[in-house]
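Here the structure comes first, spelled out in structure tokens, and everything after it is commentary.
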Amino acid sequence: MPHKAPKSKLFRTRYVEDSDDETRGRSRNRSVEKSRSKSLTRSKSKSPKKSRSKSLDRSKNVKTTKSKNTNKSNKYTEEDSEDSEDSESDQDDDKSDNEQSDSELDDSESDDDETDDNESDNDKSKDNFENIIESKENDFRNIIFENINEKFAIGKFGDFEVIINRDNGYINATQLCKDCGKDYKNWNQNEKSREFVKKLSQYTGLSNTNLLTKIIGGNNVKLRGTYVHPIILTNIGNWISPTFAIKIGEWIEEWKKFSRKNTLKYYKELSKIELYSNNDKEKQIQLALQKSLGGKIEVRTKHGYVDLLTKDKIIEIKSYDNWKHALGQILAYGELYENKNKCIYLFDIPSKNEIANIKIILKKFGISLLCI
């Protein structure tokens, strides 16, 4: 007959086996939970403290439900506590790694922000620099290559050296004309030049004295003269040199080719060109003389159009500033009408004039002078 083990011993053996099975099961569960916790923490975990608290709650629940036998349960709880501590230690390490990773990410983002700020600052400074360059390219002061003093400098205008007022970019037109073999007074007294300055004053809102400034006196003679607005200087350059006038035409053509809008704008402005006021005045005088003397106006010849042709006279009408032009034209027409008296009619004669000298010159060519 087989020997039966005491009941208490069997119970104790079964309990130990059950306890071992449960212990192994719990160990597997803890291993799974531990690996899952690490995986979640490394990938997207934003709150390590939460994971830690859940793990602690789990370990506490296991301790409470499984402590039936005093000795075994004490042994079990000690083992479980050690495992919990290991789990907490691992989670703390993961937390530390995660916090370090977050810190590195923050530092990286901070560096990126600083880089963006630096790039933004660089872009702003670049824009400002480009604006400065652009403004200098549109300013006559950009041609300066040597300073005379704090207010005046020397620049290059075509093939000529010019004196520039550094405060406003105005150029000494008197000296420029002199260097080119011209007299600034001739340009300034020209009726078309006066009309030009008048229109420019209306366009810019600047008075004549602000468009044309005079420097009188001083030890340096070259600094004396009339300093003119850059737009006026272009007109003077056109008057001085036909080559310069051609260059202006080339620049305009290049500007037109740059954009179709520029071409349309050019022809639009061209269609709004007003007749030179002297042309109107010349026409009025022409009609008045025709009414008084009779004859025909604008008579066509191989040399041009005669202003007024009467039975005994050839009359050429011009402003005082253009009397030399009138002289050349009347001599040409005189070859075609040798039996008629040659006459020049001048208008807009200034108070300070050289009418007496002009009469002497005209008399040498058999030309009479009419004027009002």
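Even glycines carry a Cβ here, placed using N, Cα and C.
Positions annotated as compositional bias 'Basic residues' by Swiss-Prot: 1-12 (among others).
The feature compositional bias 'Basic and acidic residues' is assigned by Swiss-Prot to 14-36.
Residues or ranges marked as compositional bias 'Basic residues' in Swiss-Prot: 37-53 (among others).
The compositional bias 'Acidic residues' annotation in Swiss-Prot covers 79-120.
Under the heading domain 'KilA-N', Swiss-Prot lists 151-255.
Sequence annotations record features per position, and here Swiss-Prot assigns region 'Disordered' to 1-129.
Residue counts for the domain 'KilA-N' (151-255) under DSSP, split into helix (H, G, I), strand (E, B) and coil, are 59 helix, 22 strand, 24 coil. Summarising model confidence by region, the domain 'KilA-N' (151-255) averages a pLDDT of 85.
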